[in-house]
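Visitor: Here it is, the structure in full.
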Amino acid sequence: MAHGHTGGDPLVLGIETSCDETGVALVRGDELLFDAVASSMDEHARYGGIIPEVASRAHLEAMVPTIRRALGEADVDLSEVDAIAVTAGPGLVGPLTIGASAAKALAIGLNKPLYGVNHVIGHAAVNQLVDGPFSGRTMALVVSGGHSSLMLVDDVATSVTELGSTLDDAAGEAFDKVGRLLGLPYPGGPHVDRLARGGDPEAIRFPRGLTAAKDQAKHAYDFSFSGLKTAVARWIEACVDAGREVPAADVAASFAAAVADVLTAKTIAACRRHDVATLVVGGGFSANSQLRELAATRCAEAGIDLRIPPIRYCTDNGAMIAALGSAVVRAGAAPSDLDFPVDSSMPMATITV
Ligand code: KG4
Ligand code: ZN
């Protein structure tokens, strides 16, 4: 995974706690030394959603062991760390606070600079550890249970412009809700994906949100999945009311096709509009096979170089934060003040706080 000369680059420790994963990683330049992740998802699964207090407590318990594991596996002593990066937002306030507190304690204890960074931009930055530095203007589509964001990345450390985002549900969230409608376990996304693979994506024509001509002016690159979810719910209801068996695989396939269609169509239109030839996809939803397949086909047609890292770098992890921290440090950005607050709705224009 090493790229170019990284020997002289600062060693950055990254901490991620915006949701249910406690992630700690060590990165030098664009080289990942080790990425340690602990998850509290098992504790949330029975509630059908992330419980912030439960996640916060899990972060508090996992933090020091995960830092120790990352250092041990990377064979690095804490004293060798040159800078610390931590997720400052967006995310859940309690979980973010646990990570920020740990990072501030390390920064003051080690007397090393701290960089509070943007989680969603981290999902794009992590790609550089896998596929090498971005060679110029890059488009980033970050899709997960919490975000669906389309960003024009001129420089991941200094210049990111959000072109669009979801106005309501994130893509993964919509899958989880449809999973519930189909009686699948939480989180439903991967189950709906699997079910969809055995269905007909053209069986039902579900709506493509914000793709009408009237939406072009204001929402060309925004997404909306709540209408789609409602359409699926109505369709299932009508089916049940009529005493027919719900063709679950066809519903899943037709729903998944609608989501993949809108995500890829808008993203490729944005690439064309901004003359961008590289697309990075990240976030936990990029595991979705319907999205992967359609993105591959449509990017090939459009002559766009598609970069989707392995799943473990798509879901939340410390490597994404260390990667962005490393880019920010090398760009010469000012460290964050040690009294910075976390920001649950941090805007995409903010790369570091
Ligand atoms: O990034 P992530 O692990 O956590 C968040 O930041 O949300 O993303 C998890 C989300 C969940 O909504 C999950 O159901 C969805 O991504 N997901 C999928 C697939 N794998 C994960 N949705 C559809 N198809 C998948 N294969
Ligand atoms: Zn995320």
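Glycine too: its Cβ is placed from the backbone N, Cα and C atoms.
OK, TrEMBL features for this one:
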{"type": "BINDING", "residues": "HIS119, HIS123, ASP316", "note": "Fe cation binding site"}
{"type": "BINDING", "residues": "VAL142, VAL143, SER144, GLY145, GLY146, ASP176, GLY189, ASP193, ASN288", "note": "substrate binding site"}
{"type": "DOMAIN", "residues": "32-322", "note": "domain 'Gcp-like'"}
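Locate each feature and note its surroundings.
Guide: Taking Cβ-Cβ distances under 8 Å and a sequence gap of 6 or more within the same chain, the neighbours of HIS119 (Fe cation binding site) are GLU16, SER18, THR87, GLY89, PRO90, GLY91, ASP316, MET320, ILE321, MET346.
DSSP assigns SER144 (substrate binding site) to coil, not to a helix or a strand. Taking the Cβ of SER144 (substrate binding site) as centre and 10 Å as the limit, one finds 25 other Cβ atoms among all the protein chains shown.
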Visitor: Relative to ligand 1, which of the binding-site residues HIS119, HIS123, ASP316 have a Cβ found under 6 Å from one of its atoms?
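Guide: Passing the 6 Å Cβ check against ligand 1: ASP316.
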Visitor: Checking the spread of the substrate site as listed (VAL142, VAL143, SER144, GLY145, GLY146, ASP176, GLY189, ASP193, ASN288): what is the longest Cα-Cα distance, in whole Å?
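Guide: Between the most distant Cα atoms of the substrate site, 18 Å.
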Visitor: Just counting, how many other CB atoms are there within 10 A of the CB of GLY189 (substrate binding site)?
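Guide: There are 25 of them.
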